[in-house]
Amino acid sequence: MLFRVVTTKTLLRSSQHLASLPNRCSYSTKVEYKPIRSVLVANRGEIAIRVFRACTELGIKSVAIYSKEDRAHIHRLKADESYLVGDGLPPVQAYLHIPEIIKICKDNGIDAVHPGYGFLSERSDFAQAVIDAGIRFIGPSPKVVHQMGDKVAAREAAIAAGVPIVPGTDGPVTTKEEAMEFCVKHGLPVIFKAAYGGGGRGMRVVRKMDEVEENFQRASSEALSAFGNGAMFIEKFIERPRHIEVQLMGDKAGNVVHLYERDCSVQRRHQKVVEMAPAPHLDLKVRDRMTDLAVKLARHVGYENAGTVEFLCDEKGNFYFIEVNARLQVEHTVTEEITGIDLVQTQIRVAEGMTLPEMGITQDRIRTDGFAIQCRVTTEDPAKNFQPDTGRIEVFRSGEGMGIRLDGASAFAGAIISPYYDSLLVKVIAQSKDLQSSCAKMNRALREFRVRGVKTNIPFLLNVLENQKFLNGSVDTYFIDEHPQLFNFAPTQNRAQKLLNYLGQVLVNGPQTPLATPNKPADIKPHLPEVSQEYLASTPQQTPKVQPPKGFREIYKQQGPEAFAKAVRNHKGLLLMDTTYRDAHQSLLATRVRSHDLLNISPFVTHNFSQLYSLENWGGATFDVALRFLHECPWERLEDMRKLIPNIPFQMLLRGANAVGYTNYPDNVVFKFCELAVQTGMDIFRVFDSLNYLPNLIVGLEAAGKAGGIVEAAISYSGDVSNPKKTKYDLKYYLNIAEELVKAGTHVLAIKDMAGLLKPAAGRMLVSALRDKYPNLPIHIHTHDTSGAGVASMLACAEAGADVVDVAVDSMSGLTSQPSMGAVVASLQGTPLDTNLDLSKVSEYSAYWEQTRTLYAPFECTTTMKSGNADVYNNEIPGGQYTNLQFQAYSLGLGDFFEDVKKAYAEANILLGDIIKVTPSSKVVGDLAQFMVQNKLTSDDVLNKAEELSFPKSVVEYLQGHIGQPYGGFPEPLRSKVLRDMPRIEGRPGASLAPLDFDKLSNDIRETFPHATDRDVMSAALYPQVTNEFLTFKEQYGPVDKLDTRIFLVGPKVGEEFEVTIEKGKTLGIKTLAMAEDLTENGEREVFFELNGTLRSVLIRDKDAGKEIHVHPKADKADKKQVGAPMPGTVIDIRIKVGEKVEKGTPLVILSAMKMETVVQSPVAGIVKTLDVNMGMKLEAEDLMITVE
């Protein structure tokens, strides 16, 4: 043991000044030096590791304690030894259990205890217990800890030392009545502070008298939870201050020095977010006076070891004492960076008995060099008012490099962020020559971070670092509150991890889009013709270097729809529309072809089929199927196709007043839809109505025309004009409708033969009649090849004067699809109607689709349909519906009765009045047909029992008039029997609908999905529930449309390696490694991947195995009546009961997480229907708490 005589020369202050101090603050001139061999850190996380590192550098053994919840935490692994503390206690209480910590020290021969910050660091009874046990406490004396921890005593000491103070209570306040009394006497605003702790816990600013009691209770409760004592200190609140603090260090010989100041003004909820040293633009005279007074206060109380004196400084340079933090602070790092002094090592050396001068730390030697800033990266979501986030860190990659220091503990892949402790993930410190260059380094480092699995405040920190006022150093404690733009965040994409979650979901729970048959997708990568590779190299994100040949679209875009129609009519030879991109796969593959496969072949189509009249690639069923089953945005599909195919006109199917839906919409929805479609790249609108009901048709024509599109009015074909026995839909019927459509201003006239009923003779008759009557109007014929006569019919129509016929590439033609492109091209070669398409290119195009089609084996129509069938002339089933009906029949167990279904379809059609059959009217007939087969009903049965049968909804709504008025009227007496007293719609169904409020819809959607686009709003106007589900899926699983089709549908095989290009120049390399056999306690399976060479894993809840495990239900984000937990936490108060009436904003439940309390308010007014939580329940984010009705 060493004793040294310390002379007055050793002291930094004059002997005269020391003599002036009260006797209680006199220092012994004998300083005992006793080396420390082991240090226990009574803390956790980042600060524990910081102390361990200092110990290791000094050759001292480091010892950790850890709670049960922290048994996997890295701080216990960084220490030389670690011991469990507080077994059986709540997580925070474990670290506050003084007797057990002392016992661990004694049992293991610990020399000294470092308290870190938080927890017990400002508890004088802890410091005293350590000393009483014969162990050294690395910090101020218990007396000083008590005096400085007591806000009242600290104020008295400040007053005695001549330090200016802010008016406040004379002592701790424990009741709301005392708080109210002070506020009434001194006026508002005031600030509540925890009397026995700091760090922003238990701190509230109150500006309204009616908020005093509630805020006092919340602040007191937080203080009690964090520090074990809920007593509060109240003082007047200084407006617009800067928060400046002075770092001090004292030794046992009475030497006290300052290490200059820090600016901690950038705060949120009174917690520091960004700290910097030195304080920018602080007047040197103010700084010197502030640091002198801080040292004077420390000397006055006999301070030793590290501490901080905090001040509020107003715009005029006046400053006021706030408090003394008798401990090391979170932001000590910036002081270390600018002074070069290791504060933690100095703390330990002082505790050993070394003096500051012996360590070379004298005031005249302390200099600042450059500038340092610290950002606290926390697991909080700034987009949700900084709600703490918890969970497993799936990915962690830090930013490093010159001038960057990282102090962390929980920051690694696989770390579990619990709701029990502080949300600090890692401290990032940047040091450079000045504030601006420090900010540049910090900005760069934060942008290098990749944290997945939990939300962080990094987007917010980046906004702070790019704010000009911050870069200039002109900040005060109002900085965050007065800059709402700091909360404008570009959405983080997190695409790779989301895709892994999707793949894991498929591997654990099976396909995420329902498969129609047991058939599996082929393990094949379709061969792409060479031009595609070259063209794809620069698109769709960039303008392609290789420009495609010009096509008809150039005429339309430069000269307008009328010029386009004229060019079509004047064209020599037959023009073709390719339906491969839409109707062909709708008919053959249940509309399931994905954008991925369409886009792959698009460059080839662009360069080799520029002579096409158009490419039918959008609208109809593809719109909702894309959202509903393929989990991709139909608008993005259209946009991406347009970038790849700039030269060929696009054509879509518009269901008149039904747009691309199955119901009626307000007219403004149809008009808005067409406008957005043209803006996104659509050219030709084939407008039809499922009943040829002119009022519905006219709405669609006008909407398409107003949007600037090419209007192609389509007459849906039924019957047989060549058969004199079929008189309902005769030639006169079609000519009359054509006349009305021409009057309405159509640019092109189309015949839509949706069932393939147009025989060659009928085609000649109909086209000839139309051509004679309208010699200058382009005529376009659409058919299906269900009977096998499609090619013959199209050739007959062409010879009769049709300008355009529909075909599908060979491998996607036939059956219920369109006639073969190759067959038509070959048949017309060398004739006046020659299409001038290269048959060899058609073959290459067909080869791609022949391979691609095998990827869609689960939806392949040939599973149940082996050939075309001429019985379509009897049942009149539309091509697309024919396949779907067959699938439905099999799924309903009626596969063996499909012939009966077809016959019933023909009977149902007659029962309903022999109507035009195309979506949605065809669905009405199909539903009635299956209803008849399932219930073994004949036509007579239906008529006779109509009043007692429960008909399908679609049948009832058709008879009510929901889809329009059929030609010849509704069937009687069937209609009257079915409807009885139900309401009927006369005239156009949409005419009576009020315009949709798009602004309200937009606000509603963006409330749940803040980054929803105008396109999403349009989709929601048509399909509200489907769009909500799509946006939820996209948010959870990312760009699944970029996956290869086989992997999208059924997932990868274990051991399989594959690539996913998420955008140009960004390709992910993924390998599926394994799936855990055992479930977690939450019913999850861990799935392991290798992503770009690094190990990744995701936890997926097993929906089957998890049924045996109770899992708390989640709130439906789209349902405002379901109130979910805004963050993970513990229920500490429930303010309502079932059946109680609540208003919007009524406090419902109080949650506590990471020592922060949050009041959950009702989002709507209503009655509490269910209460799904109880006191003390631990919740995950979005767990259902309450349902309001």
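Quick reminder: no glycine exception, Cβ is built from N, Cα and C everywhere.
Since we're looking at a predicted model, the values are computed, not measured.
Over in TrEMBL, the protein carries these features:
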ACT_SITE  Arg327  active site
BINDING   Lys151, Glu235, His270  ATP binding site
BINDING   Asp583, Lys752, His782, His784  Mn(2+) binding site
BINDING   Arg655, Thr919  substrate binding site
DOMAIN    574-843  domain 'Pyruvate carboxyltransferase'
DOMAIN    1120-1189  domain 'Lipoyl-binding'
MOD_RES   Lys1155  N6-biotinyllysine
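Between the listed binding-site residues, namely His270, Arg655, Lys752, His782, the fewest other CB atoms within 10 angstroms of a CB are found at His270. This prediction places the mean pLDDT of the domain 'Pyruvate carboxyltransferase' (574-843) at 96.
Within 10 Å of the C-beta of Lys151 (ATP binding site) we count 25 further C-beta atoms, all protein chains included. When each of the recorded positions Arg327, His784 is scored by how many other Cβ atoms sit within 10 Å of its Cβ, Arg327 comes out lowest.
Recorded residues Asp583 (Mn(2+) binding site) and Arg655 (substrate binding site) have their alpha carbons 14 Å apart, per Cα-Cα distance. DSSP assignment over the domain 'Lipoyl-binding' (1120-1189) gives 0 helix, 38 strand, 32 coil. Closest in space to Thr919 (substrate binding site), of the recorded positions given as Lys151, Glu235, His270, Arg327, is His270, taking the CA atom of each residue. Maximum intra-site Cα distance, ATP binding residues Lys151, Glu235, His270: 17 Å.
Looking only at other Cβ atoms within 10 Å, the busiest spot among the binding-site residues Glu235, Asp583, Thr919 turns out to be Asp583. Of all the recorded positions in the list Arg327, His782, His784, the shortest Cα-Cα distance to His270 (ATP binding site) is found for Arg327. Taking the Cα atom of each, Glu235 (ATP binding site) and the residue listed as 'active site' are about 23 angstrom apart. Among the recorded positions listed here, namely Lys151, Arg327, Lys752, His782, His784, Lys752 has its C-alpha nearest to that of Arg655 (substrate binding site).
Calculated from their C-alpha atoms, the gap between Arg327 (active site) and Lys151 (ATP binding site) amounts to 15 Å. Within 8 A of the CB centroid of the ATP site residues Lys151, Glu235, His270, the other residues of that chain are Gly168, Ile191, Phe192, Lys193, Met203, Phe233, Ile234, Ile322, Glu323. Cα spacing between His784 (Mn(2+) binding site) and Lys151 (ATP binding site): 86 Å, rounded to the nearest whole number.
For the recorded Mn(2+) site, residues Asp583, Lys752, His782, His784 set the reference point as the centre of their Cβ atoms, and the other residues of that chain within 8 Å of it by Cβ are Thr579, Asp753, Met754, Thr783, Asp806, Gln818, Gly879.
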